[in-house]
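Feature annotation from Swiss-Prot assigns signal peptide to 1-15. If you look up Swiss-Prot, you'll see N107, N180 marked as N-linked glycosylation site. The Zn(2+) 1 binding site annotation in Swiss-Prot covers H188, D207, D273. Under the heading Zn(2+) 2 binding site, Swiss-Prot lists D207, E246, H355. Taken from Swiss-Prot, the feature disulfide bond applies to C322-C326.
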Amino acid sequence: MKASLLALLLPAVSARNVNLAGDTQRPMTHEEAAAATYHIEISPGNTRWVTEDEKWALRRKGINFFDITDHPDLGATINTLVGPPKKKAVFPKKPTYQDAVKPLFTNLSKSHLEENLEKFTSFHTRYYKSDWGRQSSEWLLGKVQETIKEAGAEKYVTAKHFKHPWGQNSIIATIPGKTNQTVVIGAHQDSINLFLPSILAAPGADDDGSGTVTILEALRVILQSKDIVKGKHPNTLEFHWYSAEEGGLLGSQAIFSAYEKERRDVKAMLQQDMTGFITRTIQAGLPESVGVIVDFVDPKLTEFIKKIITEYCDIPFVETKCGYACSDHASASKAGYPSAFVIESAFEYSDNHIHTTDDLIKYLSFDHMIQHAKLTLAFAYELAFADFPALEKGK
C-alpha cells in the first residue's frame with residue numbers, strides 16, 4: 001500500500017465519535033483517535049489500557065476481551081447486600097412441552113433464513129461505528145417489527161432499539177409473560193473486518209449473520225403459538241440483537257449493566273453466535289453436531305440445553321470451549337445472570353472465514369441453521385412456561 005494512500009485511510013480507520021455540546025458528535029481526528037485508549041479485560045481481573053489498533057491486533061491473535069471502559073462496574077452488585085440476594089439457578093429436569101413445540105417445527109423455513117441473510121449480508125459492513133452498521137440495524141429493527149405485525153401480535157409484542165452513542169443500536173423484542181421473570185435469547189448483529197474495519201467489506205454471513213437470522217426465525221415461529229402471543233406463559237421472553245460485540249461486547253454490556261442496576265430478574269440467557277458452518281467438521285470425518293460451550297457458562301443451564309438438543313434436534317451435541325469473553329453471553333454472566341452459548345460445531349472446527357471479506361453465505365448450511373432454530377424455539381418455549389419459583393423451592 002502506498003504511503004499516500006495509507007495517509008488517506010488512517011483517519012477513517014481510527015475514526016471515533018467525540019461528544020460536543022448539545023449532544024452532537026463529530027468524528028475524532030486521526031491525532032485524537034491515536035491518543036484514545038480503552039480499558040480491556042482479557043481474563044478475570046486481568047486488565048490493561050490499549051489503543052484501538054491494539055484492540056484489533058489482539059483480536060487478530062484470537063484474544064477476546066471485555067472493553068470495560070464504559071462499564072467498569074458490571075457485576076458489582078452480585079456480592080453486595082443491596083436488595084434481595086440472587087437465587088441459585090434451577091432449571092427443569094427434562095423438557096415437557098413436546099406436544100406444543102414439535103408441531104411448530106414444521107413452520108421453520110430455510111427460505112426465510114436465506115432471504116433474510118442475503119439482505120443482511122448485502123451491507124458493505126456492519127461495523128458498529130460505520131453508517132452501514134447504523135443502516136443494517138435500522139433494517140433489522142424494521143424486519144423484527146414486520147415479523148411481529150405479520151403474526152398479528154403487535155398489540156402484545158414490542159420491538160425497539162436500545163440506543164448506543166456509536167450509532168449502531170442494539171434491538172430488543174419483548175413477548176410479555178405473566179411475570180417479569182425473563183428469559184433472554186441473543187445474537188450479535190455487527191460484523192467486522194479486522195484489518196481495516198472502517199473500510200474493508202465485512203459481510204459477516206456466519207459471524208454473526210447466521211445467529212441473527214436464526215433467532216429471528218425462532219421468533220417468527222414462536223409467535224404462531226396463540227398461548228405465547230396472548231401471554232399465557234408465566235415468564236417474559238426477550239430476543240436481543242446486540243451491537244458492537246466485536247468491539248469488546250459493548251452492546252450487551254450496556255444492556256446487562258442496565259438490567260443489573262434495575263435488578264431485572266433474568267432467569268436464563270442463551271447466545272447463538274455462528275450457526276451455519278459445518279465444512280471443517282465433515283472434512284474431519286466427524287458427525288454434524290451442535291457445539292455446546294462448557295467454559296465460563298452456567299453449568300446447570302448448559303446441562304438443560306444439552307437435554308433440549310437431545311430431545312428436539314436431529315443431530316447430537318459436542319462439548320467445546322471458547323475462552324473468556326468470547327461472545328455476549330459473557331456480559332449476562334458477569335452481571336450475575338445464568339448464561340449459556342451454543343455454536344455451530346466444536347470450536348476448533350468453526351468457521352475460518354470470519355472477520356474477513358470471505359465470510360460468505362456460500363460456505364453455510366441452512367439445514368444446520370434449522371437445527372439451531374429448533375434448539376432456540378424449544379429453549380424459549382420450555383423456559384417461557386417453566387415454574388421457576390417452584391423449581392427454586394425444590395418442587
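Cβ from N, Cα, C; glycine included.
Annotated features, which come from Swiss-Prot, shown on the structure.
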residue	record	contacts (Cβ under 8 Å, 6+ apart)
N107	N-linked glycosylation site	R220, V221, Q224
N180	N-linked glycosylation site	T236, R264, D265
H188	Zn(2+) 1 binding site	D208, G211, T212, W241, Y242, S243, E245, E246, G251, S252, D273, S327, D328
D207	Zn(2+) 1 binding site	S191, D273, M274, D351, I354, H355, D359
C322	disulfide bond	N64, I293, D295, F341, I343, F347
C326	disulfide bond	N64, I293, F296, F341
Report, as a single number, how many Cβ atoms besides its own are within 10 Å of the Cβ of E246 (Zn(2+) 2 binding site).
28
Cβ atoms within 10 Å, counted per site: which of D273, H355 has the most, among these binding-site residues?
D273
